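A.B. asks: Take a look at the following structure, please.
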Amino acid sequence: MANYFNTLNLRQQLAQLGKCRFMSRDEFVDEADYLKGKKVVIIGCGAQGLNQGLNMRDSGLDIAYALRKEAIAEKRPSWRKATENGFRVGTYEELVPEAGLVVNLTPDKQHSAVVQAVQPLMKQGAALGYSHGFNIVEVGEQIRHDITVIMVAPKCPGTEVREEYKRGFGVPTLIAVHPENDPKGEGMTLAKAWAAATGGHRAGVLESSFVAEVKSDLMGEQTILCGMLQAGSLLCFDKMVADGVDPAYAGKLIQFGWETTTEALKQGGITLMMDRLSNSAKLRAYALSEQLKQLMQPLFEKHMDDIITGAFSSGMMADWANGDVKLLGWREETGRSPFENAPQFDGKISEQTYFDHGVLMIAMAKAGVELAFETMTRSGIIAESAYYESLHELPLIANTVARKRLYEMNVVISDTAEYGNYLFANAAVPLLKEAFMGNLQVGDLGKPVADGEIDNARLRDVNEAIRQHPIEIVGAELRGYMKDMKRIAVAN
């Protein structure tokens with residue numbers, strides 16, 4: 001199989017990278033009706049598989065779970081989760097032939113084996129669904145021409161998908177139809193119904209493409225969403241301890257600081273996050289972020305280039321074939337890091353202290369979000385897609401760090417995201433150690449910035465630069481559709 005994106009000519013590549021349309025709410029007046037009366041069979045009962053299934057069932061759809069025979073016989077966690085929630089469970093052979101829609105929600109590295117197992121069992125004219133297009137775009141999986149191939153990609157972890165639905169809302173969602181597999185022209189109608197069944201239509205849906213979703217998703221998770229959190233956590237902890245800060249305090253400030261400070265992004269973008277700082281701290285955070293952007297731009301561009309060409313995917317798939325030797329080695333190395341093994345801090349840290357003592361962390365978040373967005377849009381990805389794959393998801397991933405530090409983040413994200421995260425962090429950490437961390441000042445991390453004289457013109461210009469960044473402009477519009485989403489819990 002050949003990388004699908006690389007089989008396209010330049011015009012086709014640009015067209016698919018740039019496909020992005022915010023859909024109006026009146027396009028979903030029929031909600032999930034088109035799928036009612038059809039049997040929907042989900043393969044995979046992880047966080048996305050279970051929670052999407054629960055939402056779809058509550059929306060009136062007929063949902064069952066197809067699992068491997070061994071998973072059923074051995075009563076593995078996937079079988080237990082499905083049966084404990086009252087779903088019908090069966091083997092591929094029992095359930096797939098009757099399905100109008102088969103939804104593949106297994107991990108990326110299992111997709112080829114799963115799709116090759118279920119394709120011969122799917123009835124003529126059925127549909128195959130994904131929530132991430134890696135198998136189609138990067139692996140180049142060939143699907144039978146009578147099968148419609150669609151994607152519904154919620155831009156949140158599975159638990160959020162469920163919780164927002166239970167509140168009568170939903171999470172922002174990308175939908176797409178594979179242009180090589182829409183024989184009856186019903187792909188978009190099917191995708192809209194599936195998105196509505198998960199509640200996504202209440203929070204905003206982007207009509208995208210498999211290509212745009214995959215390339216932007218890979219870029220976001222490798223750089224700002226996971227890689228920057230990993231690199232920033234390791235660097236900031238080591239810096240504070242070297243400066244004499246109690247390791248327990250440093251560990252807590254970082255573990256919960258990402259979550260607390262980036263919560264402001266969800267409510268009001270980079271503007272609000274920076275507005276939580278004093279004027280002196282804001283000016284310092286802005287200056288640090290500009291230095292970071294200049295240093296890291298080539299690294300962000302390298303990741304984007306490797307994603308576009310397929311070099312990243314081919315390297316990762318080679319590691320799959322080699323038993324995940326690199327991935328598992330990097331995971332073990334992270335587990336041995338001083339930050340992961342820092343003692344617990346029993347004292348309380350106020351919400352504002354996370355901002356006041358975390359100026360460098362805020363600068364890192366700002367620089368990473370803006371660089372990821374800028375790099376994606378310069379590569380042909382539309383601003384709305386770039387926003388969802390950078391700023392929007394950052395507080396959600398930061399929330400996983402708050403649970404059990406980097407271990408939890410790397411458990412929750414996909415193996416694909418974890419592999420890319422390590423690639424980025426392994427390059428970013430030595431780069432910033434050598435060229436940046438040694439130039440920090442007192443007040444950048446672990447202590448507040450001292451108040452000083454403020455130049456009104458300078459403050460005016462910085463405020464204007466923050467507010468007029470393109471991600472702030474598109475973000476203000478998109479957040480308008482998400483204003484009812486619940487606030488992520490902030491530690492104290």
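Each residue, glycine too, has its Cβ placed from N, Cα and C.
Note that this is a predicted model, so its numbers are computed, not measured.
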A.B. asks: From the candidates D146, D182, D217, give the one listed by Swiss-Prot for the same Mg(2+) 2 site as E389, E393.
C.D. replies: D217
A.B. asks: Using DSSP, how many residues of the domain 'KARI C-terminal knotted 1' (209-344) fall into helix, strand and coil, respectively?
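C.D. replies: Going by DSSP assignments, the domain 'KARI C-terminal knotted 1' (209-344) contains 114 helix, 0 strand, 22 coil.
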A.B. asks: Reduce the DSSP letter at C45 (NADP(+) binding site) to three states and note it down.
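C.D. replies: Where C45 (NADP(+) binding site) sits, the three-state DSSP reduction gives coil.
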A.B. asks: How many Å separate the two farthest-apart Cα atoms among the NADP(+)-binding residues C45, G46, A47, Q48, R68, R76, S78, D108, K109, Q110, G158?
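C.D. replies: This binding site's residues have a maximal Cα-Cα distance of 22 Å.
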A.B. asks: What's the most sparsely packed of the binding-site residues C45, A47, counting other C-beta atoms within 10 A?
C.D. replies: A47
A.B. asks: Between C-alpha atoms, which of these binding-site residues comes nearest to E221 (Mg(2+) 1 binding site): C45, R68, K109, E389?
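C.D. replies: For E221 (Mg(2+) 1 binding site), the spatially nearest of the binding-site residues is E389.
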